[in-house]
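So the structure is just underneath, and the comments pick up after that.
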């Protein structure tokens, strides 16, 4: 089986390394400098010290990725629609499975990643690959556990069989929407938790904030799906609780580190400048705006997401923001 991975950032490169022992892997980047660097050194500047195996073929032209059996998308959510359109223009075959490893909500439409793919590539089956996974550990082939969410049980079982390895434990879920909501919101919550930790408000406040975060996941899920309950396996499994624990407790998390800098800066932190200077994508920054707008559209209250949004986009005071987190 040949798998194409779209996006050669830290996450995409890590997945390529992780799967290279069992699959033929194509790693695509739109960035010519990145392409030339990886081709020359077999190393990514996003994952220094991790050699990219020779059986990972690096490509610059997206048309060279379309003959794979499955495609894993590891691009920023805000770029997903553009990449899907490029594949559509390359006549991607309809039986090629799209596996989404990106997390977020599209700002312009307030759609989840699977909804974007269904619009642009309606004939391709979609699955979600999500859970607690730091890129550097995945690249080193350390053990990790993820959820593979798909509405087609047969396809889900097939993909798990192909992707699962000795160090990768995959759990099947049919809750495509719930898994994506957890994946998107946890980055916003990580920024909030980083602020609390940066302000040295203690682990009691931190734990309370993580607990409140799970309630906001539930609130958005119920409103978006018009359901009366959320799948408990989603809420307490790797995709939600597992990812929250990891992303909201370790400074290896880009989003937590971003929030920590805000909390420890004594109101002197320039979020926009930090984003423009950094090499990493802070998905929680974009998702805070998307989540706030989606909550407004659905007429629901999501106080943590709203507080992070108002701090980052409307210059709310850090004191007012923290009062929401610990109140």
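Residue numbering: from 1, along the chain as shown.
Each residue, glycine too, has its Cβ placed from N, Cα and C.
Per Swiss-Prot, the feature active site, proton acceptor maps to 186; the stated evidence is sequence analysis. In the three-state DSSP classification, residue 186 (active site, proton acceptor) falls within a helix. Counting every protein chain shown, 32 other Cβ atoms lie within 10 Å of the Cβ of residue 186 (active site, proton acceptor).
Taken residue by residue with DSSP, residue 283 (NADPH binding site) is part of a helix. Swiss-Prot lists 11, 30, 103, 135, 254, 281, 283 with the feature NADPH binding site.
Counting only same-chain residues at least 6 apart in sequence, those with a Cβ under 8 Å from the Cβ of residue 103 (NADPH binding site) are 77, 113, 130, 180, 183, 184, 186, 187, 283, 287. If you look up Swiss-Prot, you'll see 103, 131, 133, 186, 243, 253, 254, 255 marked as sn-glycerol 3-phosphate binding site.
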Checklist entry - If you measure every Cα to Cα pair among 11, 30, 103, 135, 254, 281, 283, the residues listed for NADPH, what is the largest value in Å? => result 22
Item to check | Spatial separation of residue 11 (NADPH binding site) from residue 133 (sn-glycerol 3-phosphate binding site) - C-alpha basis, Å | outcome: 9
Next on the checklist: Using Cβ atoms only, which residues of the same chain lie under 8 Å from residue 243 (sn-glycerol 3-phosphate binding site) while being at least 6 residues apart in sequence?
Outcome noted: 130, 131, 132, 182, 183, 186
Checklist entry - Counting across all protein chains shown, how many other Cβ atoms sit within 10 Å of the Cβ of residue 253 (sn-glycerol 3-phosphate binding site)? => result 23
Item to check | Cα separation, residue 255 (sn-glycerol 3-phosphate binding site) to residue 281 (NADPH binding site) (Å, whole number) | outcome: 9
